[in-house]
Each structure stands twice: as C-alpha cells, then as structure tokens.
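A short write-up of the structure that comes next.
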Amino acid sequence: MTTMPLGVKTTAHSTGAAARATDLSKVYGEGETQVIALDSVSVEFRQAEFTAIMGPSGSGKSTLMHCMAGLDTISNGSARIGDVELTTLKDKKLTQLRRDKIGFIFQAFNLLPTLNALENITLPMDIAGRKADQAWLDQVVATVGLAGRLKHRPNQLSGGQQQRVAVARALAGQPEIIFADEPTGNLDSRSGAEVLGFLRNSVRELGQTIVMVTHDPVAAAYSDRVVFLADGRIVDELRNPTADSVLDRMKRFDAKGRTS
Amino acid sequence: MLRTALRNVLAHKARLLMTVLAVMLGVAFVAGTLVFTNTISDAYQKSSQKGFQGVDVAITPDKKDDDSANPGDAPRLSQQLLDQASKVPGADSAYGVVQGYSALADKKGDLIGGGFSNRGGNYYPGADGKDARYTMTEGRAPKATGEVALDSRTAERGHYKAGDSIRVSVNGPVRTEKVVGVFTTDDGNVAAGGTLALYDTATAQRLMGKPGQFDEIDVKAAAGTSQATLKSSIDKVLPEQAKADTAKKLAKDQAKAIEDGMSSLQTAMLVFAGIALFVGIFIIVNTFSMLVAQRTRELALMRAVGATRRQVTRSVLIEATVVGAIAAVVGLIAGVGIGAALRSVLNSTGAKVPDGPLVVAPTTVLVSVLVGVVVTVLSAWLPGRRAAKIPPVAAMNSVHSAPSTRGLVVRNTIGAILAAGGTALVVAGAGMGSDGQGPMSFGAVVLVIGVFVLTPLLSRPLIAAASPVLRIFGMPGKLARQNAVRNPRRTAATASALMVGLTLITGMTVIAGSMQKGIDKMAADGLKSDYVVSMGGTGGMPLSPEVSKTLAKLPDVTSISALRSSPARVAGDSDSLTGVDPKAIKDLVNVDFTEGSFAALGGTKALIDDKIADEHHWKVGSTIPVTYEDGRSGKLTVGGVFEGNQMIRGVMVDNATVTPHMATVADFQVMLKTKGGATENNKDLLKKTLGENPAIKIQNKQDTSDEIASAFTLMLNMLYGLLAMAVIVAVLGVINTLAMSVFERSKEIGMLRAIGLDRGGVKRMVRLESLVISLFGGVLGLGLGVFFGWAVGELIATELPSYELVLPWARMGLFLLMAAFVGAIAALWPARRASKLNMLAAIKAE
C-alpha cells in the first residue's frame, strides 16, 4: 500500500494495537455452577487489520468479543481499547467509549425500524450530538452501495441491504475498532459475500480495524488473521487464511479434542 | 383449553399486573360506594328508630292543599290539643315539641357547627320530671327563662360545661343564657353533626313559636294499646289542619327518606366508579391485544394442530375471566376498606355518622365481582376475536405481520363521520335552548366515540407538532416521538383513557367557572346596597324585625329596607309576596323596568316581574286578585313591570301592606346602604350594633361573591376528588403501555445501549415517549372539555342571562401540567427498567 487511505487517523499506524486483552478472564456463576468462559486470554488486535475469532460453540469467542467491546464486564485481567483500560470505566464513560471509538455489527442487523437507512447510519453520531463528516459519509455510503436507498426504511430493504446499512453505521463514525458478531449469520451466501467484501475493503482501503466473530471458515477467509479459541483459551492463530486452511485447522482441533 | 389459559395467566403475571390493578381500582370504587352507603344508611335507620322510642303516635300540623285554606302554613298545635290527646282512651302520656333555629356562639364568639343545622328545642318533663328524648349527663334540665341545656358534642366543641354563660341567637337579637346542663340524644340532626339547644317549654315557645303552641305532639300509648288503636282515638280529637301518624309509619317514612337520600348519593358515586371502570377498559384492551400479538405463533400453532377459531377466542376469554375474577375479589376487599375509610373521613369532617357495623351486603359482593369479570371479559372480546383470525400458516412464518393500514382507513372514515355528526348535534343542541339537552347529550356521546375511533389518526399530526420541542432533547427526543406513533392504536387507547378524565375535569371547570361568574355578575349588577344582613346557617332562617329597626336608627345608615316573604295566592296560583320598604328599595336594588318605576310602589300598588306580567297579560293599571297568608282576600294594582332575575322576581309590595297578614313577622334579609360605602369600619359598626351576633351574616358584595365562589370551589373539589380515580386508572394505562413498549423493544434498546446511548438517554427516551402520549391525551381532553363546556353553557345561558363563557386558562394550563406530571410519574418504573436492561441478553434475544 503506497497511499494513505482516506479517513484513517494519521496517528494510527498499522503496527500499533487498536485493542488488547491481557490475562483476560470471564467467569459466570459461583461455586459448583461456575463456568469459566475465558481463561486468562491475552490477545492483541492490530490497527488496520481484519481479525476473525473462530472456535466451536461455547469456546468463548463471543464472550471475548463482548468483553473487549465493553458490552460485558470482566472478571479478571485487563482489556484495552487503544490506551483506555475498560475495567476502570464506569457505565457512563464506557457508553461514551462505545459510542465514539467502537463500531458494532450484529448478526440480526439491529436497525431501528422507525428510522430510514441514512438516519440509522448516522445514529451513533446523532446520539453523540455530533455532525457526520459528509465527505466520509458519502464515501462510506458509496462503498456499501446504498446511495439509492438512503430514504428507505429497514422493512423496505432486503436482509443483505439491511446488513450493509449496519456496516455503514459502524464505519460512519470512524471508530478505532469495529466488532462484528456473526455478521453473515442471517444472510444468504451471496449477500454474505458482499458484506464480507465490504468489511475487507474497509480494512484494505480505508484502514479500518475490524474484529469479527464467526464459525464460518469461508467468512474467516476474508480476514488477515484468524484467532482460534477453544474452552476459553486461545489455541492457535493463522495468518492470511483461506477457507481450506481454516477448515483444515478446525479439523485438527476437532481430532485433537476427540483423542485427548 | 382451560389449562392453557391458566398457564398463560401465570406466565404473564407481570404484564397483567396493570390490568389487574385497573380493574381492581374500578371494582374497589364500586364496592366502596356500596359498602359506604349501605353502612351509613343502616346506621341512620337504626338511630332514627331509636329516636321514636317512647313515641307511639305523633300529631303534626298538616297543610291542606286546596284553595279553601289559607295560603300560609297550617297553624301550630295548641295546648288544648295536647291536653285532649293525653286523655284519649289508650293514651298514657303526651308531650309537646317545640323546635326552631338556635345559633350558639363558642367562647370566641364564632358560630358552633356552622354549615350544619343549628337547632333549638324544648325540654318537656313528663310525670317523672324527665323528658325521655334527652338524657342529662351533666347538670340539670332547663326550667326557666335564661337557662339552656346543650347536647354533649356541642358542649364539647364550644368547651362549655354546666354553669358557663353562653351567647345564643334565635332570630336576631343576642341573648346571654346560662348553661345548666348537658345531655345526650338520639336526635337525627345531632347525630348528623348539628347542634341542639334546649329551653324550658315556655321559653322555647316564646323564642321559636308562639306561647302555648307546639310544632308536634307525641303521644305514648298505655300498656296494651296498639299504635293503630291509639291513632284512631286521637284522630277523633284532631283539628282540621293536623294529622296523626303512628310511630311505625313515621319510622318507615324516615327510613325511606334516608334510603332515598342515600341512593341518590350512591348513584352519583357509582357514576364516577363507572367512569373509572370505563377508563380501565382501554388498558384491558391494550394488554390483551399485546398478549395476542406476542402469541401469534403460539395461537397459530394451536390452530394448526386443530383448535377451532372459537376455541382460540375462548382461550383468550377464559384468561380474561381469570384475570377479572382475581382483580374483582381483590377490589372487593379493597372496597370494604374504602367504605370503612370513607366513614372515618366523614366523621373527621364533623358530621358524626351514628355508630354501626360495616354492612357488606350480598348484593355488594355479587355486583362487585360481576362488574369486574364482565368488564374484563367484554374488553378482551375484541382482542380475542382478532386472535381467532390468525391463520394457521402464521405458525410457520417468523415475521410478525404488521398491523394493516387498511383497517385504519375504514376506522378513520367511521370516526370522521361519528365525530362530525356528534359535533353537529352538539352545536345544534346548543342553539336550541332548553330543548337542546337531548340532542346535545346524544351528540356528545357520538362525538366522544368518534374521537376514540379517530385518535390513532390524530396521534400522528398532533405528536408531530411536538417535535420542535422534542428536538431539544436530541436523539432520545426524536426516538421518543417516533416510538409514540409506532403503534397508533395502542397510543390512542392509552391517550383516550387520560382524555376521558381530562374532558370531564375541564368541562366541569369551564361550566362551574362560567356559572360562578354569571351568578356573581347577577348579584353585583342587581345589588346597589352596601350590605345584606341575613341569618346564617342553612336555609333562609327568619330574622327578627328588631334587627332592621335597630340598624335603621344608626346615623350612618342612609338607606335600609327589610325584605319579607309571605306566602299568598296570586290570581289563584300559589306564590309569595315580597315585602320591601318602598322609599328605600330603589337605592338598594337595581332592576330594569319595562313599564313604570319604583316610584309607583306603595299601598296596594305592586311591582311585578315580566314573566308574571306576560303570563297574565297584566300591564300598569291591571288589577291583581290576591289571597294573603291569613286567608283574607285583597286587590293589588300593577304599578310597574320589571325584568325579573334570580335575585328579585315575582310580586313586590310595600312591607306595610303585607305585614298585617303575616302569622309571624320576620325578615329574610335586610339591605342597607351606609355613609362611605362598604368599609371595614362600617361593617364593624353594624356588627357591634347587632351585639356581635354569631348567627347573623353581614355581607358586602365581595363577601357575597366570595361565598358564591367558595360554594363552587367546594363543589369542584369534590368532583375533582371523584374524578381522580379515573385519572389514576389512566396513569396505570400509561405505565402499562410503556412497560409493553420497553418489553417489545428490548432488542432495540439493547442495540442503542451498545452503540452508545447511555442509561440517562434511554431513560429520557422512555420518559419523553410517556410525556408525549400523556400530553396528547391531555390536549384532546382539554379541547373536548372546552367544547362541551361551551355547549352546556349555551343551555345554561337561557336560564341565567348573565352567564358568560369564562375559559379558565390558568386551570387549563394546570391540567396540561398535570397530564405531563402523569406522564412523568408513569414513566418512572418503565424508564428504570429500560435503562437497567441487560444489553447482551436484549441483543441476543430472538
């Protein structure tokens, strides 16, 4: 990459950490019913990198994302977004942090049905009372291909279009990091591929940092790096994955799990 | 099916809570009313029966209602009759009763028991030296002039005991008497909070009637003689204008009178209970609509596995029955409590209700439970039918079908027709004068129904009008506005519930305020006098002529007239003559003459109002045949015709003409003008001249209008109190709707929290939605209330010409504030719940 992508903060350098977990543990319940969802996880998500978190059901991949994104509390250890330590923040500050520095993409789109596409996209900024950067907004809208549909309400859009609105909403605020929770889970494969393409482009062309939880090797193949979780621990990592290499790794864990 | 319904009730406990509360409050109001009125009625009946102990036959004057008798009251009963009655066969003993007005001052000089009846009577010792009606608890009975005995509650209120002196006024002049005893009695007036002063018989007769005459003679039967036998022997000695009744009949009549009085109170209170229940209907409909909507898949599944439409409807109705029954039973229990509480409240105001057990009649239980169940089931019927229309295929379909807009089109058309028709009828009724009542009432009902039907349509533009204000609150404000119109039917039902209460409150306030102004204006315009002197207490108690004589002697009094009223027949019709001082009256009252003037008044020349003049085609110079109070005939000549109003009307004559015919010469009012007008000094002077009399009211125009105002304020406050229940139920409705909205939108709220709306923002969003819905209902209610107030006022104006529409802007602002307050209060809990929502659970929830 020779040109600096538009919209990325100049302070961001592709080698810096956008988010980092150190010895992060998450325990649910107490005593006999205690469940350790995350067991001293340490991981770093670098700027302008597209990371996929994979693992079987119950491996803790969603929990890791929720804890890193400030949606859930942490039992032990540390989670940082940029330089900010999440464990020290009260709800109000944490909410502000999510609003200003984090973007979210959910499996079920989670758009407000009363707002049109454009209003949904600018919602986080409207909540903050900030004015959207019009040039950036135009670029985002153009990137996700929604230009003609901005006045439509969610129920007038297809599932794929709705998720593209959600992607645009996450991108519009130029957050330091975007967390995507199974973003293609509710989409057909063509729409899913489209959305994943946008996510990858926003990393490559716009310099965005994205962390995506998925159980789909094809989706994971769009990322730069795959982190594998099992039983609340990071068990492996794969750079420049392909669907086949991811599937291959997963088979290995599966086999290991069965033999051990 | 029953089991499914029961499970559903249990599963939705929290969501049914507000419905249960709403039905419960309505039922409690109904049950409370029934328990309260039955208890009071029962207590009074028992106490009135006790009052007839020792009496078997009572003789009272009886006015024969035919043209042969004198226009005046029937003569009192004589000592001779008393003696005769006590000697008829079967009579054991007889005593004479004297009763009248008697005001008592406490030690500070204020009237004791003002507002209740202040009565005087006689102590009539029997053969044993005691009067069976009164039990002396302290001191002794009055025996001579200057002595008085007080009932124990009055003595307690005035801090009097035997030996004290007390200031008393019977008909004007103040007397200072010695308290010689305190007694207890079953007398109904005393039981109801009135005061009673007893004199010896001769004094009582002199003060309140005529020497040797009684108002009633009570005869006790000898052992072995029945009341009927005694009555027939007494009938033989009765004079023409008197009658005898057995105590049994009197007790029965009195019981009936008490029951009638109570049943009108009961009806009035039940109307308000009905309003509260009616408001509750909106909540029930909302709740069941939501429950059905949420269970679409479940109900569709039941249809798919073979349940018929009827079974689906029935399952919803069974659920409603269970909910209604639970609410009704709890409401009944609460109602018994309310009934008991109301009695204590009444007691604490000074009106002592006779003691008695709390009466919970079987009909109370039946009616309350039935009302609760029927209202709930009927309200759930529409949602139940909607449930039956869910096609089985909906079970396979994950998408909730959005409420169709086509339904709203039909709805709006019907609503518009109803509202327009209702409005037209009300306006037409307002223009029809006194005949307009029927069309207006019908039109009002149609209009209100039309507005109910139209509210979903109205919600969008009206709530959109609030958006400039909501914009101040940023995103939460915008979301609140959009959420408020998201389910127009539900918003409409919620707002309608509040609208009902506010319409009534506003309408009544407008009418009362306008009437008060009208009466005030009439009093102010009609009066030229500085002061009006009259007897205090309830009803027009007579004022001794001494009062006007005393005041006339004051050098500062420039003009004075006593006003007397004497029953008479005017051209054969029962009417009354108003006696005035012909020289002074023109300075004291203000009337417009269509013919003649005050100058003509005097001797046999009378002034008549335009109504009588029109009726008999009389004009100046016409002759009026009259029969005076004492039965003598005479002729009056019309000297002038004036425009009558509520204060001065009928036939006005010279006091000198009417006084010789009066049985008891008494004034009902004295009007006067003083040098320098109405000033504090002049008032003090008048007061002092009359001996600081606690019973006499001296009012200037301001006092009169204050009195009118306070009567209206009291009435309005009572109405507000009764309507408060409807508003409380409406608050439950708003809470219900918000709780539903928060529940249904938990996923959205979770998302908003995740992308950066803080707890405060979520709270604000829910609160603003609540405010918007409440104010929407408030604005509708205010609008309708003002419209109805205007329409009813048009009818009143035909009776009260000085009526003018007064819009109570301050009050209306207050009501709108109240609506906002309702919204704020109702949002407390739902907003808290929304802000505490677990984001992750909410987002993940399918």
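Cβ from N, Cα, C; glycine included.
All TrEMBL annotations are machine predictions without curation.
The domain 'MacB-like periplasmic core' feature in TrEMBL is assigned to B:17-236 (among others).
Mean predicted confidence for the domain 'ABC3 transporter permease C-terminal' (B:271-392): the pLDDT average there is 86. What TrEMBL lists as domain 'ABC3 transporter permease C-terminal' is B:271-392 (among others).
Taken from TrEMBL, the feature domain 'MacB-like periplasmic core' applies to B:491-679 (among others).
What TrEMBL records for B:722-838 (among others) is domain 'ABC3 transporter permease C-terminal'.
Within its own chain, the transmembrane segment (B:16-36) has Cβ neighbours under 8 Å at 9, 266, 269-270, 272-273, 276-277, 279-280, 283-284, 287-288, 323-324, 326-328, 330-332, 334-340, 342-343, 358-361, 363-364, 367-369, 371-372, 375-376, 725, 728-729, 732-733, 735-736, 739, counting only residues six or more beyond its boundaries. Marked as transmembrane segment by TrEMBL: B:16-36 (among others).
Look at TrEMBL and you will find B:269-293 (among others) tagged as transmembrane segment. Long-range neighbours of the transmembrane segment (B:269-293) within the same chain, counting only residues 6 or more positions beyond its ends whose Cβ lies under 8 Å from a Cβ of the stretch, are 8, 12, 15-16, 18-19, 22-23, 25-27, 29-30, 33, 36-37, 299, 316, 319-320, 371, 375-376, 378-380, 382-384, 386-387, 390, 400, 489-490, 493-494, 496-497, 500-501, 504, 722-723, 725-726, 728-730, 732-733, 736-737, 740, 744.
TrEMBL lists B:316-338 (among others) with the feature transmembrane segment.
The transmembrane segment annotation in TrEMBL covers B:358-382 (among others). Under 8 Å from some Cβ of the transmembrane segment (B:358-382) lie the Cβ atoms of residues 19, 23-24, 26-27, 30-31, 34-35, 38-39, 42, 277, 280-281, 284-285, 288-289, 316-317, 319-321, 323-325, 327-329, 331-332, 335-336, 339-340, 343, all in the same chain and six or more residues away from its ends.
According to TrEMBL, the transmembrane segment annotation covers B:414-432 (among others).
For the transmembrane segment (B:444-470), the list of distant contacts is 408, 411-412, 414-423, 425-426, 477-478, 480-481, 484-485, 488-489, 491-493, 495-496, 499-500, 503, 768, 772, 775-776, 779-780, 784, 788, 791: same-chain residues at least six beyond its ends, Cβ to Cβ under 8 Å. For B:444-470 (among others), the entry in TrEMBL reads transmembrane segment.
Annotation source TrEMBL lists transmembrane segment at B:491-512 (among others).
The feature transmembrane segment is assigned by TrEMBL to B:718-743 (among others).
Annotated transmembrane segment per TrEMBL: B:771-792 (among others), in sequence order.
Note on the transmembrane segment (B:812-831): residues 498, 502, 505-506, 509, 727, 730-731, 734-735, 738-739, 741-742, 762-764, 766-767, 769-775, 777-779, 781-782, 786 of its chain, located 6 or more positions outside it, place their CB under 8 angstroms from a CB of the stretch. Per TrEMBL, the feature transmembrane segment maps to B:812-831 (among others).
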Remote residues contacting the transmembrane segment (B:718-743) - C-beta distance under 8 A, at least 6 residues beyond either end: 14-15, 18-19, 21-22, 25-26, 29, 269, 272-273, 275-276, 278-280, 282-283, 286-287, 290, 483, 486-487, 490-491, 493-494, 497-498, 500-502, 504-505, 508, 749, 766, 769-770, 773-774, 777, 818, 822-823, 825-827, 829-831, 833-834, 837
Surrounding residues of the transmembrane segment (B:771-792) on its own chain - C-beta under 8 Å, 6+ positions past either end: 423, 426-427, 429-430, 440, 444, 447-448, 451, 455, 458-459, 462-463, 466, 470, 480-481, 484, 491, 494-511, 514, 730, 734, 737, 805, 807, 812, 815-816, 818-820, 822-824, 826-827
